[in-house]
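Enquirer: Annotation comment: Swiss-Prot describes 1-20 as compositional bias 'Polar residues'. The annotation compositional bias 'Basic and acidic residues' is assigned in Swiss-Prot to 26-41. Feature annotation from Swiss-Prot assigns phosphoserine to Ser45; the stated evidence is similarity to another entry. If you look up Swiss-Prot, you'll see 1-55 marked as region 'Disordered'. Positions annotated as transmembrane segment by Swiss-Prot, on the basis of sequence analysis: 80-100, 104-123, 148-166, 172-192, 233-253, 260-280, 295-314, 336-355, 362-381, 423-443, 454-474, 529-549 (among others).
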Amino acid sequence: MEKASGRQSIALSTVETGTVNPGLELMEKEVEPEGSKRTDAQGHSLGDGLGPSTYQRRSRWPFSKARSFCKTHASLFKKILLGLLCLAYAAYLLAACILNFQRALALFVITCLVIFVLVHSFLKKLLGKKLTRCLKPFENSRLRLWTKWVFAGVSLVGLILWLALDTAQRPEQLIPFAGICMFILILFACSKHHSAVSWRTVFSGLGLQFVFGILVIRTDLGYTVFQWLGEQVQIFLNYTVAGSSFVFGDTLVKDVFAFQALPIIIFFGCVVSILYYLGLVQWVVQKVAWFLQITMGTTATETLAVAGNIFVGMTEAPLLIRPYLGDMTLSEIHAVMTGGFATISGTVLGAFIAFGVDASSLISASVMAAPCALASSKLAYPEVEESKFKSEEGVKLPRGKERNVLEAASNGAVDAIGLATNVAANLIAFLAVLAFINAALSWLGELVDIQGLTFQVICSYLLRPMVFMMGVEWTDCPMVAEMVGIKFFINEFVAYQQLSQYKNKRLSGMEEWIEGEKQWISVRAEIITTFSLCGFANLSSIGITLGGLTSIVPHRKSDLSKVVVRALFTGACVSLISACMAGILYVPRGAEADCVSFPNTSFTNRTYETYMCCRGLFQSTSLNGTNPPSFSGPWEDKEFSAMALTNCCGFYNNTVCA
């Protein structure tokens with residue numbers, strides 16, 4: 001009994017903390033018979049007081065202690081590791097910038113953007129609620145009202161002064177300004193509720209578009225940034241060749257359009273899906289929508305959808321606000337549709353760039369269209385109902401359903417296959433239909449002795465005045481009018497393909513006029529045309545938009561059908577207003593070719609610069625009968641002028657070459 005009671009009095013302390021349990025050791029000694037020599041896996045006899053479990057626990061004690069320490073200070077270790085990585089990256093970036101800043105410019109820009117996002121998020125968490133509380137008293141104050149009117153007055157005076165000073169040197173820029181006024185009057189005349197138009201929203205949207213256009217087109221910094229951005233996008237899209245060449249072969253990728261442009265859609269769709277999964281697309285859309293909402297006074301849902309159209313297509317953007325479409329007003333639905341018709345998606349942007357269209361102009365046109373789409377929509381279909389979404393509180397953008405980046409990339413590529421095949425099918429069908437229409441019109445014209453009657457010719461006559469109001473030179477108007485007509489009645493892909501053909505002819509140094517027919521359009525006309533074609537506003541898009549929105553809110557099919565035609569017309573006007581903005585703001589950039597020294601270089605091939613220099617030389621040349629020709633202007637008294645004339649006559653036919 002004493003021994004038993006003695007055993008009970010011994011405390012069996014735990015070994016979880018690594019301490020020795022004397023009670024357990026004593027019990028093991030008493031149970032084991034004398035003389036026992038049995039050895040455990042570690043070579044220790046049980047008689048020495050160290051059984052298997054006791055020894056293992058004691059041997060694991062340092063590791064348990066270390067693991068416990070790591071768990072306790074895990075956050076500190078992460079911060080230290082993150083700090084070391086940031087220091088290493090900063091050192092790497094500094095070294096790259098010192099060695100060659102131009103080469104490291106892309107990395108520097110990406111780093112600045114990441115820092116901006118992180119600082120913005122930090123300040124929003126730290127000061128966001130405080131700033132909201134501080135600004136809340138001014139929301140309905142008289143000071144805010146006066147501030148709006150003062151800002152509007154200053155903006156109007158600034159616009160008048162700018163137009164007066166800028167157009168003094170180039171009076172032709174007033175023509176597209178009159179074009180903007182013309183399109184605004186047309187939209188107002190077709191407005192659903194004339195008395196309900198919010199002119200603050202209209203002029204705020206047009207003002208934002210104008211200011212952004214000045215930054216992008218006229219300022220050196222903005223122009224350089226978007227030119228650089230366009231070049232980076234082109235370089236990035238060229239990586240598609242690595243995948244398409246492996247699948248189809250180098251020959252097909254270089255020579256066949258379907259294997260050159262369509263894989264870009266798949267690659268870009270994959271990238272957009274990854275960015276959407278990471279939340280970057282939603283973040284940018286929310287910031288753009290917030291800025292548009294506070295400046296224009298539009299509701300949260302319609303602004304989010306229009307801002308989303310900058311990055312995704314007209315069927316994908318409504319998915320951003322899918323839970324709210326059922327409760328949106330007709331004016332808001334009209335704005336959502338207009339935004340889809342007035343812009344292009346990021347995936348299609350890659351295909352247009354593959355055509356050879358200027359990337360920076362496409363990006364600028366897509367961004368500039370967003371505020372103009374909201375303004376034009378509220379002019380054509382003003383709000384007369386009470387919206388439930390005046391504030392963006394409670395309106396959240398959904399995240400992707402994918403579980404990891406690889407799944408997002410795969411789903412994006414697979415989804416883009418449908419878009420790529422849709423583009424290919426549309427090009428095949430619409431080009432065939434256009435050829436048939438032209439053949440039928442030509443046949444009908446020949447019956448009454450009208451030669452060469454085609455769909456393009458009809459558009460060139462009907463739309464020529466409108467195109468002239470966009471700022472296009474009169475000699476270029478027929479060709480631009482053809483493309484605008486093709487874009488609206490056929491497809492924007494066919495129109496951009498035609499534009500790329502004109503651009504390639506110009507760059508190849510082809511003569512501007514051959515047998516009385518113009519072969520290409522000027523650079524100014526190319527830029528204006530790029531803006532005017534940048535949108536999905538064509539007749540075939542009506543079915544696409546109705547089908548996409550009806551699948552989301554089938555109970556509102558009748559409401560969607562009521563506004564879709566008006567939204568199509570409004571979206572087309574948005575693209576034309578953007579083209580007018582480009583016509584006002586565009587000025588020739590870049591140093592002109594030094595034509596006097598240019599002939600000293602080898603005349604190995606024809607280029608646009610060669611043609612322009614030779615045309616100037618032909619205009620400066622005077623024939624003197626049997627005497628050698630004389631030269632005027634910059635070619636006067638130049639020893640090599642005669643040699644340059646001989647070289648130019650080898651490329652181009654001119655009367656002075658006889």
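Glycine residues also receive a Cβ, built from the backbone N, Cα and C atoms like all the rest.
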Enquirer: Looking only at the recorded stretches 104-123, 336-355, 362-381, 454-474, which one has the largest tally of CB-CB distances under 8 Å to the transmembrane segment (172-192)?
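Expert: By Cβ pairs under 8 Å, 454-474 leads among 104-123, 336-355, 362-381, 454-474.
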Enquirer: Which bits of the chain, at least 6 residues beyond where the transmembrane segment (454-474) starts or stops, bring a Cβ under 8 A of a Cβ in it?
Expert: 172-173, 175-176, 178-179, 182, 434, 437-438, 441-442, 480-482, 484-486, 489, 522, 524-525, 528-529, 532, 576, 579-580, 582-584, 586
Enquirer: Please determine whether the transmembrane segment (336-355) and the transmembrane segment (148-166) are in contact (criterion: at least three Cβ-Cβ distances under 8 Å, sequence separation 6 or more).
Expert: no
Enquirer: Under 8 Å between C-beta atoms and at least six residues away from its ends: which parts of the chain pack against the transmembrane segment (529-549)?
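Expert: The answer is 313-315, 318, 325, 333, 336-337, 340-344, 357-358, 361-362, 364-366, 368-369, 426, 430, 467, 470, 472, 480, 483-484, 487-492, 495-496, 499, 521, 556-557, 560-561, 564-565, 567-568, 571-572, 574-576, 578-579, 581-582.
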Enquirer: Residue list, the transmembrane segment (423-443) vs rest of chain: Cβ under 8 Å, 6 or more residues beyond ends.
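Expert: Contacts with the transmembrane segment (423-443): 258, 262, 265, 348, 351, 452-456, 458, 486, 490-491, 493-494, 497, 540.
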